[in-house]
Amino acid sequence: MNSLQELQAIIKSKDNFTKFVINSEVPAVCKNEPCMLGVDEAGRGPVLGPMVYGVSYCPLNRKSILEELGCADSKALTEAKRDEIFTKMLTEEDSLNNVGWAVEVISPNYISNSMYRRAKCSLNEVSMNSAIDLIKKAAESGVNITEVYVDTVGPPEKYQTKLSEIFPSYKITVAKKADSIYPIVSAASIVAKVTRDHALKVWHFNEGLQLDHTEFGSGYPGDPLTKKFIRDRIDNVFGYPLLVRFSWSTAELMLQEKAAACTFEDVDDPGKGKSKSTKTISSFFTLKTEDSKPRKRHKFFEERHLSTCTDFD
């Protein structure tokens with residue numbers, strides 16, 4: 001991959017119903033020399049679009065390359081500047097030979113289903129699992145990781161302890177605003193943010209909607225375009241398209257207000273409201289009375305001369 005257009009093409013080829021990983025080639029130097037790896041995310045708070053976790057890594061003695069690229073907190077950079085830095089990472093020789101990266105694009109549907117399933121998985125758990133998996137994948141691909149820097153999710157001390165238990169051989173540092181402190185985390189932040197931006201630009205609506213990304217905005221609840229999308233693009237029966245994180249309170253409240261109400265049968269009161277002709281499951285396992293009509297035995301039992309036995313003494 002050597003352009004943002006190729007990044008878009010790869011994203012378009014993936015299924016936006018679940019999650020997927022995109023990664024660079026591992027520079028040879030990263031397999032031989034001790035490396036630092038940074039972890040950060042983009043799109044944790046929006047009601048629309050995926051959350052993207054990113055990692056970036058390079059040798060410990062090549063930190064200057066990240067500074068020359070202009071790696072800083074992606075939120076403090078303009079979209080054009082982030083695109084420019086990521087393009088340099090994809091094309092400039094120094095970056096290609098020394099800096100590697102990977103992202104996991106986690107769909108809105110995957111996030112909401114995780115939070116709503118019977119064994120609930122919080123957004124923090126989804127985030128931590130993604131970060132852990134990306135670190136493992138980098139190590140499995142041959143990156144010689146010795147130091148890991150992570151922008152925290154929740155209390156940094158607790159998160160750092162958890163990562164240290166999983167990766168005891170690495171020096172782990174988890175901090176608030178790590179993307180503005182450590183250039184390697186800044187690089188991961190930029191990769192994640194650029195990937196999310198372009199995932200929104202090429203979003204394919206499986207529901208058949210013909211919409212451009214400029215019609216639904218950034219995805220953040222405060223964005224006027226996003227507010228309009230949430231208000232206007234709701235189906236009374238099927239709710240929202242897969243672009244929407246339906247577990248977010250912004251979407252939940254609108255569904256309660258505009259979607260058709262559903263009434264479920266009261267399954268806790270077995271006798272209430274049931275037809276007399278309706279049989280319960282347990283009735284099929286009770287003994288028949290003498291007055292009841294005998295059922296014809298299945299051919300399987302007749303051919304083998306099998307009979308019912310209720311006495312096991």
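Note: Cβ is positioned from N, Cα and C throughout, glycine not excepted.
What TrEMBL records for this protein:
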BINDING   D40, E41, D151  divalent metal cation binding site
DOMAIN    34-260  domain 'RNase H type-2'
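Of the listed binding-site residues D40, D151, the Cβ environment within 10 Å is emptiest of other Cβ atoms at D151. Excluding D40, E41, D151 themselves, the residues of that chain whose CB lies within 8 A of the CB mean position for the divalent metal cation site are, in sequence, V39, A42, Y53, G54, V150, A178, D179, V185, A188, S189, A192. In the predicted model, the domain 'RNase H type-2' (34-260) shows an average pLDDT of 92.
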